[in-house]
Amino acid sequence: MQSAMALSFSQTSFTRPNHVLGSTASVFSTPKSLRFCGLRREAFGFSPSNQLALRSDRIRTQSSGFQVSASASSNGNGNGAPPKSFDYDLIIIGAGVGGHGAALHAVEKGLKTAIIEGDVVGGTCVNRGCVPSKALLAVSGRMRELQNEHHMKSFGLQVSAAGYDRQGVADHANNLATKIRNNLTNSMKALGVDILTGFGSVLGPQKVKYGKDNIITAKDIIIATGSVPFVPKGIEVDGKTVITSDHALKLESVPDWIAIVGSGYIGLEFSDVYTALGSEVTFIEALDQLMPGFDPEISKLAQRVLINPRKIDYHTGVFASKITPAKDGKPVLIELIDAKTKEPKDTLEVDAALIATGRAPFTNGLGLENVNVVTQRGFIPVDERMRVIDGNGTLVPNLYCIGDANGKLMLAHAASAQGISVVEQVSGRDHVLNHLSIPAACFTHPEISMVGLTEPQAKEKGEKEGFKVSVAKTSFKANTKALAENEGEGIAKMIYRPDNGEILGVHIFGLHAADLIHEASNAIALGTRIQ
């Protein structure tokens with residue numbers, strides 16, 4: 001791989017299919033453009049558009065008297081036939097990164113586009129997720145380095161005791177979110193996307209209501225309403241001492257001792273922040289091991305580096321059956337039960353508790369009943385092309401759902417990729433997204449990143465389909481750049497089929513892991529083979 005640093009897998013070489021790229025140049029080349037919560041277009045096999053600027057003057061020429069003949073038929077749900085002329089080619093409900101990416105791509109394709117937002121542009125990722133969390137993690141990374149006297153001395157540097165201003169750190173996160181939110185808003189306005197304010201819902205086939213009583217029509221509709229923090233039963237959130245990630249990102253306090261319920265991406269990143277700022281952390285994990293969902297080998301090394309040396313302890317195989325906020329001078333009370341037997345196990349008294357048990361789809365009030373759609377555990381059912389499926393198992397014409405609301409892969413990268421895929425379809429090009437090519441990253445120090453299957457998942461697939469699995473590994477201890485940074489703790493592993501060279505998964509723990517994984521993502525998306 002070639003990126004900010006190079007990782008060499010022994011006895012492997014890479015080729016791309018000629019029919020995809022027209023060359024066999026290494027897939028692991030330095031990105032030519034920065035990405036923001038989404039895959040670069042090359043990952044889809046799209047050629048870069050030379051019409052990025054279907055500018056607002058071109059879009060406005062379509063704004064008056066625009067008509068498209070209806071292609072859908074009524075669902076027979078009492079809402080009547082779909083309109084025969086439309087206000088827009090495409091309406092997107094939700095202006096998070098998925099909706100934003102779809103809107104920009106739609107404009108590039110010449111579609112008259114509107115996006116509806118009932119809260120603020122940017123959605124969870126920009127306002128309550130990816131962006132502010134990365135700001136806090138930037139602070140924690142610097143604090144961690146400055147506090148490590150041995151590490152600094154190894155560079156010949158002498159640094160006095162490092163401190164921080166809590167409000168200044170919080171302001172940094174908030175200011176970054178504001179800046180990115182404004183950038184997203186301005187980018188859509190500049191290209192002629194109509195930004196409509198108000199809660200949006202589906203009124204019927206190809207018909208949307210937003211705000212109080214505004215009704216508009218479109219040939220195609222995308223639902224991109226995202227998700228909210230999931231809080232299990234028995235947990236009382238007060239926003240002060242028992243909090244979700246939404247509250248934690250405001251950094252209104254840095255508790256001496258905080259319990260984090262869940263040790264996935266969200267929990268791990270916040271443990272990095274809180275321990276760097278001086279907190280003690282206790283993980284509460286329902287499964288028998290920490291960091292479920294990560295490749296086991298990566299998880300084992302990451303635990304040795306990210307958890308064991310820090311002020312972190314943990315309880316595994318337990319549920320937090322009840323959490324009571326601090327009040328009247330009493331601490332936060334956490335009652336633990338065995339995850340399997342449900343027998344009481346322990347009671348913890350801590351200063352604060354962060355609920356990091358995942359996210360739930362935000363799909364209530366969307367008018368789905370008007371098109372006979374029934375959610376499944378809150379998720380909107382879709383097929384492999386993100387087309388919405390109604391309660392009878394029939395596709396709803398011209399209605400799509402992307403991102404967390406459909407539950408296929410709850411990542412900002414996935415929402416962006418799905419949005420672009422849908423726009424390709426409504427523009428006349430059939431496209432099915434390969435979700436195994438969507439990367440994920442945990443921005444701890446060091447970082448963890450992954451794409452595709454874990455080693456156990458790949459072996460299970462191999463047993464079912466009758467193929468063997470091989471693994472190629474490389475250590476960061478053999479990498480000059482990592483050693484120059486005194487960051488030799490790390491590993492990269494590639495999981496592949498030796499019979500045909502198909503890459504099944506890549507997992508990295510170490511310096512710049514989040515940057516490196518995008519090249520592996522491109523390799524999987526483009527069908528790169530190992531020789």
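Even glycines carry a Cβ here, placed using N, Cα and C.
In the disulfide annotation of TrEMBL, CYS130 is paired with CYS125 out of the candidates CYS125, CYS401. Excluding the listed site residues GLY262, SER263, GLY264, TYR265, ILE266, GLY267, LEU268, GLU269, GLU285, GLY358, the same chain places ILE260, PHE270, MET291, ALA356 with Cβ atoms within 8 Å of the centre of the NAD(+) site Cβ atoms. Averaged across the domain 'Pyridine nucleotide-disulphide oxidoreductase dimerisation' (438-529), pLDDT for the predicted model comes to 95. The Cβ of ILE266 (NAD(+) binding site) lies under 8 Å from the Cβ of SER245, ALA356, GLY358, each on the same chain and at least six residues away in sequence.
Of all the binding-site residues listed (THR225, SER227), SER227 has the fewest other CB atoms within 10 A of its CB.
Restricting the binding-site residues SER227, GLY264, MET410, ALA412 to those with a CA within 10 Å of the CA of CYS130 (disulfide bond) leaves ALA412, listed by sequence position. Ranking the binding-site residues GLY262, LEU268, GLU285 by Cα distance from ALA412 (FAD binding site) puts LEU268 first.
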